[in-house]
Amino acid sequence: MRTMAIVRRVFKQMLRDKRTLALMFLAPLLIMTLMYFLFQNNTTQVASLGVHHVDQSVVNVIDTKNVTIHHYDSSQARKMIKQHDLDGYLTQKNGQLTITYSNSNPTNTSLIKASLQSGLVKLKMKTLVTVTKKQRAALESQQAALKKLTAAQTQATVTKLKTAIAQAQARGDQATAEKLQKQLKQATATTSSSTQSAKATSYTTKSHYIYGSSDSTFFESFLPAFLGFFVFFFVFLISGVSLLNERTTGTLSRLLATPIRRSEIIMGYLIGYGGFAIIQTVLTVVFTITVFKIHLVGSIWLVFLTNLLLALVALTLGIFISTFANSEFQMIQFIPLIVVPQIFFAGLVPVDGMASWLQAIAHIMPLYYGANALTAVVTKGAGLGDIGVNLLILVGFMVVLTMLNIVGMKRYRKV
Amino acid sequence: MATDYVIAKQVSKHFGHQQVLNQIDLTLPAGMIYGLIGPSGAGKTTLIKSILGMEAVDSGTVKVMDTVMPNRAVMAQVGYMAQSDALYETLTARENLTLFGQLMSVPKIKLAQMIDYAAGLVDLTSQLDKRVSGYSGGMKRRLSLAIALIQDPQLLILDEPTVGIDPELRQQIWTELNKLKDTGKSMLVTTHVMDEAERCDYLMLIRHGIALAEGTPAALKQQYAVDTIEQVFLKAGRMQDANDGNR
Ligand SMILES: Nc1ncnc2c1ncn2[C@@H]1O[C@H](COP(=O)(O)OP(=O)(O)OP(=O)(O)O)[C@@H](O)[C@H]1O
Ligand SMILES: [Mg+2]
């Protein structure tokens with residue numbers, strides 16, 4: 001009953017604060033859209049490569065749409081890169097290729113590297129192909145000679161048989177004529193079948209992607225983690241600041257001068273802001289699925305559930321952290337300390353490859369579990385059984401923080 | 001059934017090195033307006049919060065309605081008005097009153113009636129549906145008072161209720177407080193306004209956390225042989241300073 005009074009108040013306050021509402025509901029969509037376009041297409045980047053005395057065959061294979069080639073007359077790579085603002089410089093001495101990277105833009109460096117590598121592989125293949133081609137030509141001419149021989153032989157047999165048939169017919173020996181006719185048919189049949197088997201078998205490949213498509217982008221692979229992050233970030237900020245406001249304006253201690261339980265206040269907050277978190281989640285998830293045509297492999301309900309749990313953890317964490325802040329400004333100061341580090345452990349960098357002490361840190365971050373679960377559901381279609389442990393840990397975070405919050409309010413009233 | 005609404009015994013409290021309350025005894029029977037006066041920083045607000053159980057005391061006991069404080073359930077019988085307004089500014093006055101009414105367990109059917117009553121008392125009826133952010137300082141003060149009255153409590157604890165309220169409305173409020181007193185309710189009021197102090201049935205003068213003097217206004221004036229409570233206030237203060245100087 002009293003909890004619901006708090007919930008109603010939270011709802012009324014939020015609905016009247018249009019700016020905060022917009023921040024919570026529109027900002028995630030805006031940022032997602034921005035990221036979608038930012039990470040959409042990174043193949044338009046072109047690196048410039050200077051070359052000096054390099055075999056034309058090599059230059060030809062390196063010259064792709066990601067690398068433009070400029071020819072220069074100097075072998076001084078360092079100087080030329082500086083002078084012409086190049087990303088790399090390639091020189092050749094006999095069979096030895098030497099590449100110098102400017103490396104001021106690592107993306108361009110890797111573009112050149114990739115082009116060079118695939119180009120050299122292509123070149124090797126080409127030489128291989130020419131060799132085989134020559135061998136094949138030799139083989140084919142032999143085969144043709146063989147064929148001619150067999151054809152001549154068959155021809156001889158056929159003519160022989162034909163004359164025999166004619167002789168038999170002239171003799172009126174029908175039976176022998178028929179027998180010879182059969183032989184003739186057989187002889188012609190063998191030649192046609194031998195030509196058929198010479199045809200080569202060719203394979204075609206067709207690729208299927210379970211999640212995303214052949215042009216899957218950075219955006220798509222990290223989308224699930226971001227879905228969790230947005231909810232976490234905004235709920236943390238809004239709930240933390242609003243409880244802080246209650247503390248600084250004195251309404252919190254005024255509330256505690258009524259018979260309300262401390263737990264009822266916290267529950268009111270959980271339900272009230274949890275409600276807004278659900279709306280936010282539904283909005284962002286539906287938006288990404290419909291507008292960006294993101295393919296969701298798993299159940300959308302599991303996405304909602306995971307996000308709700310993340311939101312509740314963020315809520316209790318925000319309330320908890322707000323007790324250490326004395327102003328909104330101080331609350332903002334906790335964002336780089338508490339919220340931003342979490343995004344690094346949300347799957348942007350694979351946690352398995354981290355140093356063990358970093359892995360330990362990852363395991364105390366709620367977003368690590370939330371993002372893991374979300375990624376599993378969205379990209380692999382994981383079920384409740386697969387992500388159950390992650391969800392339970394989130395519940396654990398929430399329960400512990402809620403307890404701490406309820407105890408923490410003893411500052412304002414002893415019971 | 002004891003008729004004392006508040007019994008505080010030997011209440012002491014310190015913040016850091018500062019002794020804010022020093023062995024205060026306070027008894028508030030039913031049907032009385034009890035005034036707390038004293039200079040700024042004397043410890044009046046701290047005493048009130050200790051009585052409500054919102055501040056932990058170092059020693060001493062407080063009983064409200066025969067219940068040892070702190071106690072959550074007793075809060076429903078106490079109307080509290082804090083020294084600084086604690087209102088939800090984005091909500092209207094009616095919504096603020098409704099919220100606190102619900103928290104105080106005012107029955108649903110009675111709530112609208114109680115809101116009208118409390119708002120009428122502080123002359124806010126016509127402004128009930130305005131957001132608090134658009135209120136003046138005095139209007140906020142009056143709304144805080146209305147919130148303290150919302151559940152029609154037996155005991156009112158009012159920390160400087162009339163600050164920022166014009167003389168006419170102040171008269172009105174005091175008349176109303178006296179009416180409430182006549183129905184058996186009690187009030188613990190702090191004030192810096194001496195003519196309000198004169199209207200109290202009983203006064204306690206606190207200075208540096210010490211209960212310097214207490215009694216009915218008439219008795220105090222007689223004790224200090226002066227004509228007004230203001231002079232009692234000043235004279236008692238001078239005597240305390242002189243005593244401290246002698247030590
Ligand atoms: N939370 C606190 N921490 C430290 N000191 C405090 C705290 N609250 C009050 N004090 C100190 O206790 C003393 C008494 O404060 P209190 O608010 O009770 O005074 P008051 O009598 O209500 O004064 P006023 O008439 O100005 O409201 C003051 O000196 C104040 O500095
Ligand atoms: Mg005070």
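Placed from the backbone N, Cα and C atoms, the Cβ positions cover glycine too.
Copied from TrEMBL, the annotated features are:
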| type | residues | note |
| --- | --- | --- |
| TRANSMEM | A:21-39 | transmembrane segment |
| COILED | A:151-190 | coiled coil |
| DOMAIN | A:187-412 | domain 'ABC transmembrane type-2' |
| TRANSMEM | A:222-244 | transmembrane segment |
| TRANSMEM | A:265-292 | transmembrane segment |
| TRANSMEM | A:298-322 | transmembrane segment |
| TRANSMEM | A:334-358 | transmembrane segment |
| TRANSMEM | A:387-407 | transmembrane segment |
Intrachain neighbours beyond the transmembrane segment (A:265-292), with Cβ under 8 angstroms and 6 or more residues off its ends: 2-7, 9-11, 14, 24-25, 28-29, 32-33, 36, 219, 223, 227, 230-231, 234-235, 238-239, 242-243, 252, 255-256, 300, 303-304, 307-308, 311-312, 314-316, 319, 402, 405-406, 409
Positions whose Cβ lies under 8 angstroms from the transmembrane segment (A:298-322), at least six residues beyond its ends: 224, 227-228, 231-233, 235-241, 243-244, 247, 266, 269-270, 273-274, 277-278, 280-282, 285, 289, 331, 334, 338, 366-367, 370, 373-374, 376-378, 380-384, 387, 390-391, 394-395, 397-398, 401-402, 404-405, 408
Arithmetic mean of per-residue pLDDT over the coiled coil (A:151-190): 77
